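The structure appears right after this line, and notes come after that.
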Amino acid sequence: MTQKVVLITGCSSGIGLSLAARIAKDEKKRFMVYATMRNLSKGEALVKAAGRTLGRTLEIKQLDVCDEDSIRACVDSLPDRRVDILISNAGMGLIGPIECQSIGEMKTVMDTNFFGLVRLVKEILPDMKRRKRGHIVVISSVMGIQGILFNDIYAASKFAVEGFCESLAVQALRFQLNISLIEPGPVITEFERKVYEEGLKTDLSKADEVTADMFTNIYLKNYKQIFETLGQTADDIAEHTLKIISMDNPPFRHQTNTLYTPMTTLKYADPNGDLPIDTFYKMVFEHDKIFNASLNFLKLLRWRSRKSFTLEKDNNN
Ligand SMILES: NC(=O)C1=CN([C@@H]2O[C@H](COP(=O)(O)OP(=O)(O)OC[C@H]3O[C@@H](n4cnc5c(N)ncnc54)[C@H](OP(=O)(O)O)[C@@H]3O)[C@@H](O)[C@H]2O)C=CC1
Ligand SMILES: CC1=C(/C=C/C(C)=C/C=C/C(C)=C/C=O)C(C)(C)CCC1
């Protein structure tokens, strides 16, 4: 059996790191993983997580998705430039009122999340077409199908990713290639911390009082609670992705969080598009007490299931 070559971007932390380590540790050693990051000095955590797979089924390489030359150099360094599975994971968040964000900041998000993917695909797709073999997997988001309050630019970048992939998928099929979008809800990683800390630092002087209050006292106030109650781990996303890359006929879209699906389903339930917008509005402004009570209830359920899992483990040992 020949090993499949997997190239992953953004492996210095979070989902990329978990993905690289998990795929390299595949029990049947089906994959050779090239785990890339823009700054190799941030590689320590991955080296630790990779353990004995380093130098065997996992190699670390430099790749900045905002730099075409670095993408080309990385792909050129691979045997026969072969990539069987591309996992486009590198990305960044941005929250806050748009009147407090510069166009420069917004462009960096688009350049990383959207053009980063485009640059990778431009470099790798022609070879995949020639070989008639390949799978492009993109870590998108639930925000690739549904916008969320104060995530205007981030959601736009993920919508762009989804539109790009949906268009490309038909052409890809002609060459027997697959494209899959992984759509996680909140995941507890560096992303959450960075976005929250940057959010707290936002200069709200350019926003009106109502908007500033909404951002601080509704969005930021509930942010941590939402991650605590609905958040998955990076390892969860890695398990889902491993399943998708192991399939003969992988799906185009895959949502990872069953607690979140009632929200995304609203999008498909109303062709006019009003249902999710009205529901989110009511959850935030009219039924905030019920919304918070539901989150607290979920938190309690999670705490209990974690506790019984720990007890079970202790009893088994
Ligand atoms: N966390 C969440 O709630 C969710 C995240 N996602 C998506 O998952 C993906 C991974 O995010 P996550 O693991 O959570 O966050 P992290 O912040 O932990 O990881 C992001 C990774 O992307 C890298 N990166 C950023 N810019 C570049 C670049 N120009 N070139 C190469 N690498 C870059 C970072 O590198 P560096 O360390 O150098 O900054 C880091 O390795 C993103 O696409 C994100 O949009 C989707 C749904 C939910
Ligand atoms: C659920 C929900 C909310 C917040 C959702 C969040 C914060 C989701 C974050 C998703 C992420 C971080 C995806 C990354 O790609 C609101 C708008 C507060 C109120 C309505 C219901």
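Using N, Cα and C of the backbone, Cβ positions are placed for all residues, glycine too.
Noted in TrEMBL for the protein shown:
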type     : residues         : note
BINDING  : 10-38, D64, K158 : NADP(+) binding site
BINDING  : S141             : substrate binding site
ACT_SITE : Y154             : active site, proton acceptor
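Between R22 (NADP(+) binding site) and S141 (substrate binding site), the C-alpha separation comes to 20 Å. Listed in sequence order, the recorded positions among R30, Y34, R38, Y154 whose CB lies under 6 angstroms from an atom of ligand 1 come out as R38. Each residue contributes its Cα atom, and for Y34 (NADP(+) binding site) and the residue listed as 'substrate binding site' those atoms are 23 Å apart. Taking a C-beta cut-off of under 8 angstroms and a sequence separation of 6 or more, the residue listed as 'active site, proton acceptor' has the following same-chain neighbours: G93, L94, I95, V109, N113, S141, M143. The Cβ of R22 (NADP(+) binding site) has 20 other Cβ atoms within 10 Å, all protein chains considered.
Taking a Cβ distance under 6 Å to any atom of ligand 2 as the criterion, the binding-site residues G10, R22, Y34, R38, S141 reduce to S141.
Of the listed binding-site residues S18, S141, the Cβ environment within 10 Å is emptiest of other Cβ atoms at S18. In this structure, the binding-site residues G14, D26 were compared by how many other Cβ atoms lie within 10 Å of their Cβ, and the smallest count belongs to D26. G10 (NADP(+) binding site) has a Cβ environment of 27 other Cβ atoms inside 10 Å. The Cβ of R30 (NADP(+) binding site) has M1, Q3, K4, S246 as same-chain neighbours under 8 Å, each 6 or more residues away in sequence. According to DSSP, G14 (NADP(+) binding site) is assigned to a helical segment. Long-range C-beta contacts of R38 (NADP(+) binding site), restricted to its own chain and to partners at least six residues apart, with a cutoff below 8 Å, comprise G10, S12, Q62, L63, D64, V65, C66, D67, S70, A90. DSSP assigns Y34 (NADP(+) binding site) to a strand segment in the three-state reduction.
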